[in-house]
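Contents: one structure, followed by commentary.
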Amino acid sequence: MSNLIILPMLLPFVCALILVFTKNKNRISKILSITTMIVNTMISIALLIYVVNHKPITLDFGGWKAPFGIQFLGDSLSLLMVSVSSFVVTLIMAYGFGRGEKRVNRFHLPTFILLLTVGVIGSFLTSDLFNLYVMFEIMLLASFVLVTLGQSVEQLRAAIVYVVLNILGSWLLLLGIGMLYKTVGTLNFSHLAMRLNHMENNQTITMISLVFLVAFSSKAALVIFMWLPKAYAVLNTELAALFAALMTKVGAYALIRFFTLLFDHHPSVTHTLLVFMACITMIIGAFGVIAYKDIKKIAAYQVILSIGFIILGLGSHTISGVNGAIFYLANDIIVKTLLFFVIGSLVYMSGYRNYQYLSGLAKREPFFGVAFVVVIFAIGGVPPFSGFPGKVLIFQGAITNGNYIGLALMIVTSLIAMYSLFRVMFIMYFGDADGEQVQFRPLPIYRKGLLSVLVVVVLAMGIAAPVVLKVTEDATNLNMKEDVFQKNVNTHLKEVNHK
């Protein structure tokens, strides 16, 4: 079973290489890429089910056991992220190819989407710091290509900000890796967890943890958000959905992994700072969603706002808070894909990004109104939608930790997030007569189909929350309880650690 853990990363990589030679064969590219991601999703879910019912699996490349060799770790946290990511990439590929454009393969876009997916999945699966950096770079290089492909001045400006800030974040990450290796002498997650446990009062470790905090915050748009709104606003629908679903979530995943398994010995410093940054991020996101009439920018700030929710749960440093953060992270990958599909469909049908031109649209497309309601309630955390279980657990974590300011901010900003989208929906149903003059294009059947799939999944994830919570609880216990991790992952390292 352990050998199968490489497949979720290997299959998209092989497919990406093949697509280089099928650039002008749109039908072959479409069938190959979508089929690959469907198979990838099925394999990932099968591995996740196995891990939840048994124990985490590891793969040591070249026969070199940790901490000396390259290792992949498949636990509930990593495989949950891989499964959800593979699923949304499948829909995003279908969305992109569904347009039926002859130039869909121009600039090898499907190839770079798959390479970005390789970097994302590799980041989830890797079990050592240096390879995490390598996977981040694969992901970022592919994203640099995707965000810079355009002919407008607006897109070029957004791309420059995106590239510069992410390069700075990568430098900080590499600096943190070097400092940690010099101090601790290992890069493997399991070995790091063991050694750091005996260095609780080391101020150097606390300083290093803050370097990682800033580095991952730049990836997750936690306070350091300047690159996100402009970059997402200029991308086409499938790329915006891809970035919203995955790019910031990899940074959030890294924060969860590092500040539960590794850097949890000085919560009065690290986790207090996480809570503070989460609160600032929620405030920034709340102002952003009500400040613009551009629906793409509203959606971009919704991404920032949700990162604040996730990190608030992590910062509580409680089982319930971290459990809620993991649940909400997985949920948000799906919900943000749905949100950007909805926003992209609005722009497609109306031809405008300003919501004032959407008057009467919902009357022409009743199903679209239903999809919009689902995404609003999911973002707001209204039961029985998928955002509810995660937010309840984050609430519990905040109360347990005595973080009433963060709790109040989460409630208020959740209402603001819903208001910003209800405002758009109100125009869609009850807008003034000027909007009626817009000639709306009908929504293609394939887009309705993809929206339907996401709507069903969002509803199912809320209704079947106990099933998902079993996975997230397992992930939380494994990463927050050191004895559980050591009993299940790389047990041979106990001998290495004492030599």
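Heads up, the Cβ atoms here are built off N, Cα and C, so glycines get one too.
Annotation source Swiss-Prot lists transmembrane segment at 1-21 (among others), citing sequence analysis.
Taking Cβ pairs closer than 8 Å, the transmembrane segment (31-51) reaches residues 1, 4-5, 7-8, 11-12, 14-15, 18-19, 22, 57, 74-76, 79-80, 82-83, 86-87, 89-90, 93-94, 97, 110, 114, 117, 471 in its own chain, all 6 or more past its ends. Summarising the annotation, Swiss-Prot assigns transmembrane segment to 31-51 (among others).
The feature transmembrane segment is assigned by Swiss-Prot to 77-97 (among others), with sequence analysis given as support. Same-chain neighbours of the transmembrane segment (77-97): 8, 12, 26, 29-30, 33-34, 37-38, 40-41, 44-45, 47-48, 51, 104, 109-110, 113, 117, 120-121, 124-125, 237-238, 241-242, 245-246, 249, 253, 256-257, 326, 329-330, 333-334, 337, 341, 446-447, 450, 453-454, 457, 471-472, 475, 478-479, counting only residues six or more beyond its ends whose CB sits under 8 Å from a CB of the stretch.
The transmembrane segment annotation in Swiss-Prot covers 129-149 (among others).
The transmembrane segment annotation in Swiss-Prot covers 160-180 (among others). Counting residues 6+ beyond its ends, the transmembrane segment (160-180) has Cβ neighbours under 8 Å at 129-130, 133, 136-137, 140, 143-144, 147-148, 187, 192, 204, 208, 211-212, 214-216, 218-219, 224, 226-227, 230-231 in the same chain.
If you look up Swiss-Prot, you'll see 208-228 (among others) marked as transmembrane segment, on the strength of sequence analysis.
For 239-259 (among others), the entry in Swiss-Prot reads transmembrane segment. Residues 77, 81, 85, 88-89, 92, 95, 109, 113, 116-117, 120, 123-124, 132, 136, 139, 143, 146-147, 189, 209, 212-213, 216-222, 228, 231-233, 270-271, 274, 296, 299-300, 303, 307, 310-311, 314, 322, 325-326, 329, 332-334, 336-337, 339-341, 343-344, 479 of the same chain lie 6+ residues outside the transmembrane segment (239-259) yet bring a C-beta within less than 8 angstroms of a C-beta in it.
Sequence annotations record features per position, and here Swiss-Prot assigns transmembrane segment to 272-292 (among others) based on sequence analysis.
If you look up Swiss-Prot, you'll see 307-327 (among others) marked as transmembrane segment. Same-chain residues lying 6 or more positions outside the transmembrane segment (307-327) and placing a CB less than 8 Å from one of its CB atoms are 77, 80, 220-222, 248, 252, 255-256, 259-260, 264, 267, 271-275, 277-282, 284-285, 389-398, 400-401, 403, 406, 410, 413-414, 465, 468-469, 472-473, 475-477, 479-480.
The feature transmembrane segment is assigned by Swiss-Prot to 329-349 (among others).
Residues annotated as transmembrane segment in Swiss-Prot, with sequence analysis given as evidence: 367-387 (among others). Remote same-chain residues near the transmembrane segment (367-387) are listed as 302, 306, 328, 331-332, 334-335, 338-339, 342, 345, 349, 361, 414-415, 417-418, 421-422, 424-425, 428-429, 443, 448, 451-452, 454-455, 458-459, 461-463, 465 (criterion: CB distance under 8 Å, separation of at least six residues from the stretch ends).
The transmembrane segment annotation in Swiss-Prot covers 449-469 (among others).
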Inquiry  = Can you tell me which parts of the same chain pack against the transmembrane segment (329-349), counting only residues 6+ beyond its ends and a CB-CB cutoff under 8 A?
reply    = 80-81, 84-85, 87-88, 91-92, 95, 236-238, 240-241, 244-246, 249, 252-253, 256, 295-296, 298-299, 302-303, 306, 310, 355, 358, 361, 365, 368, 371-372, 374-375, 378-379, 386-387, 390, 424, 440-443, 447, 450-451, 454-455, 457-458, 461, 468, 472
Same-chain residues near the transmembrane segment (208-228), Cβ under 8 Å, at least 6 residues beyond its ends = 136, 158, 161-162, 165-166, 168-170, 172-173, 175-176, 179-180, 183, 247-252, 254-255, 258-259, 262-263, 266, 269-270, 273-274, 277-278, 280-281, 284, 300, 303-304, 307-308, 311
